[in-house]
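All remarks here apply to the structure that follows.
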Amino acid sequence: MPAYLIGIDVGTSSAKTLVMDERGNIVFTIAPEYDFATPRPGWAECNPEDWWTAILAALKAVFEQTDVRAEDIAGIGLTGQMHGLVLLDAAGQVLRPCIMWNDQRTAQQCAAITGKVGARRVLELTGNPVLSGFTAPKVVWVRENEPEIFAQAAKILLPKDYIRYRLSGEYFTDVSDASGMALLNVAKRDWSNEMLEACGIPRSWMAEVTESPIASTRVNAAAAALTGLKEGTPIIAGGGDQAAGAVGCGIIQEGIVSATFGTSGVVFAHSDEYRVEPEGRLHAFCHAVPGKWHLMGVMLSAAGSFQWYRNALGGEEIAAGRAIGEDPYTLLTRAAETAPAGSEGLLFLPYLSGERTPHPDPNARGVFFGLSLRHAKPHLTRSVLEGITFGMRDSLELMRGLGIAPTEVIASGGGAKSPFWRQMMADIFGASITTNNASEGAALGAAILGGVGAGVFDSVESACASTLQETSRVEPESAQKLYAALYERYTALYPALKGEFRALARVMEELG
Ligand code: ADP
């Protein structure tokens, strides 16, 4: 009898659900959508019932549109948007809409928690500063602003764990998702009494926390009747979307790092030990691989800078692309290849939306530095790609500073489509750049974790080995030396300009 695994990703805008067989073939995917609301500027809320409705529709589609039978499903792995606050009363009823990861209302609460515990101690305990997206300051916000709701609260769940609750009636979470709450002792992989006390949260409100590939609970009779799943089907703890996504693309041993060149950029490294960047410039979270951790740097405008460039200065390529049926990005990168490595001394700072890693600074802005009469459009294009890649190297250097030695960087996201850019990544990072066939992201990682928890695979490592294949590889070439020297100049620019970014922001605020 074939064994199938279901991976469910409770995402920001859809519930991606996939079915995978025991050899790693994806046999079905579907992603019913839902919305979130912005009741005030900077707020983001959604209704947990909408996730559940979407998941019921997804499971119905699995049984209606495939030959998979409920008794063939070996396990269900869960993942989802991190950091969201789902607040339940003692009867398990949702008390208010979920306050989501991208909600920014809690600046005051973050400062208060940090003041109480001490910035250094927070970093030591939780691996991160208290950030406004994280769950703990949201709970404090509800206490201060909605005391009548807070008085009824009895449980706190993360989005994917609310779905587990609906499927099983039980309260469980996993270490990787729990790491994004500012309430977990990330070194000990258990709740931190010190953080809970500082936030005024009773420990009894917290779900039981386990490692990610653990079958923590099972589908109950009520959920079986609603979904068509078999009662007793194991539900695996799963992971936060970043950790599950990393499992889905094979970032499961030390030395392997991923660099996602999407609109924003993420550099993600597996770590065998608990390592914390002393200034908190990298996120340090528990990984979904049992007993391991991960480090993560986030660049706000990575390939997004190239998109800006295409829109602002690539009108010609957009028109030509339309006429000949070519992607304007391909036309731009083809022309950029005609400029020499290093763009003849032209540097680009990609801080178009401010920056997060390594310079958490909302006032930082984009810069072309070193323009001369020699520079033509191909130089500008090339320097944008180089600047983005230097920005990603910043995260990699922080990781190297903590003792991570990347031997291989797995590139993904839109920027990794370009072979020219991938060679530039190898030269600038000083590491092999590979791509692989992972395309299903966190939902695939959840299904893999599900397979390990259900006993279909022996370990996360063997599951990844049987589901992932390398699709390209490039090694650093001679431009590496020049790029090493230019990277030093690149890193000197932000400190030199920091004060001016602030001064410019002030002028624009007062007079602009
Ligand atoms: P998102 O993070 O929004 O999902 P993607 O991972 O799809 O974004 O990346 C989109 C970005 O990738 C574009 O803005 C562009 O900068 C870059 N990109 C897309 N296609 C190419 C290409 N063929 N060559 C180089 N860069 C590309």
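Backbone N, Cα and C atoms are what each Cβ position is placed from, and that goes for glycine too.
Curation plays no part in TrEMBL annotations; they are all automatic predictions.
Residues or ranges marked as active site, proton acceptor by TrEMBL: Asp241. Summarising the annotation, TrEMBL assigns substrate binding site to Met82, His83. The feature domain 'Carbohydrate kinase FGGY N-terminal' is assigned by TrEMBL to 4-248. The domain 'Carbohydrate kinase FGGY C-terminal' annotation in TrEMBL covers 258-453. Among the features that TrEMBL reports, site 'Important for activity' is placed at Asp9.
Features recorded in TrEMBL, as mapped to the structure shown.
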residue: Asp9; record: site 'Important for activity'; Cβ within 10 Å: 31
residue: Met82; record: substrate binding site; Cβ within 10 Å: 25
residue: His83; record: substrate binding site; Cβ within 10 Å: 24
residue: Asp241; record: active site, proton acceptor; Cβ within 10 Å: 29
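Put simply, of the recorded positions Met82, His83, Asp241, the one whose Cα is nearest the Cα of Asp9 (site 'Important for activity') is Asp241. Mapped onto three states, the DSSP output places Asp241 (active site, proton acceptor) in helix. If you take the Cα of His83 (substrate binding site) and the Cα of the residue listed as 'active site, proton acceptor', they are about 10 angstrom apart, rounded to a whole number. Taking only the Cα positions, the spacing between Met82 (substrate binding site) and the residue listed as 'active site, proton acceptor' is 7 angstrom.
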